[in-house]
Amino acid sequence: MTTTTPQRIGGWLLGPLAWLLVALLSTTLALLLYTAALSSPQTFQTLGGQALTTQILWGVSFITAIALWYYTLWLTIAFFKRRRCVPKHYIIWLLISVLLAVKAFAFSPVEDGIAVRQLLFTLLATALIVPYFKRSSRVKATFVNP
């Protein structure tokens with residue numbers, strides 16, 4: 001009986017790993033900014049003076065940022081452990097990133113150039129990484145651990 005050891009993370013898998021690590025860093029920084037803003041007494045006074053819908057939107061945005069950070073952290077750990085579920089969850093994570101980029105493009109009061117650039121980077125990464133994760137024999141040979 002022969003057992004094959006899983007391949008190491010390398011080759012073209014370093015690109016998706018780098019994208020994941022940069023996303024983890026950016027979501028961590030976003031959470032730090034949210035926390036810094038929410039820890040200020042002036043923020044509570046300002047939010048208290050806003051409409052209830054604005055307060056709810058702030059809360060939903062903060063909870064979404066926490067959920068995305070947690071999911072990105074979990075996926076990064078699973079990526080390094082070469083778990084079998086990584087390709088499926090990486091694709092789900094990319095689709096969530098596309099949805100958030102489309103939301104930012106459509107609804108945020110951000111300059112169009114910044115929103116378009118964020119949307120294009122996310123769409124390009126998704127268009128390149130999803131077929132690679134679905135069809136690559138290297139991906140199938142790397143992510144084999146339960």
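Placement of Cβ uses the backbone N, Cα and C atoms for every residue, glycine included.
Owing to the predicted nature of the structure, the values given are computational and were not obtained by experimental measurement.
The annotation topological domain 'Cytoplasmic' is assigned in Swiss-Prot to 1-12, 81-89, 134-146. Marked as topological domain 'Periplasmic' by Swiss-Prot: 34-59. Annotated transmembrane segment per Swiss-Prot: 13-33, 60-80, 90-110, 113-133, in sequence order, evidence recorded as sequence analysis.
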Task = Could you pull out which residues elsewhere in the chain have a CB under 8 Å from any CB of the transmembrane segment (90-110), counting only those six or more residues past its ends?
result = 16, 20, 23, 68, 71-72, 75, 79, 116, 118-119, 122-123, 125-126, 129-130, 133-134
Ask   = What residues in the same chain, six or more past the boundaries of the transmembrane segment (113-133), come closer than 8 Å to it by Cβ-Cβ distance?
value = 12, 15-16, 19, 87, 90-91, 94-95, 97-98, 101-102, 104-105, 139
Segment confidence, the topological domain 'Cytoplasmic' (81-89), expressed as mean pLDDT = 94
Task = Using a Cβ cut-off of under 8 Å, list the residues of the same chain at least 6 residues beyond the topological domain 'Periplasmic' (34-59) that approach it.
result = 65
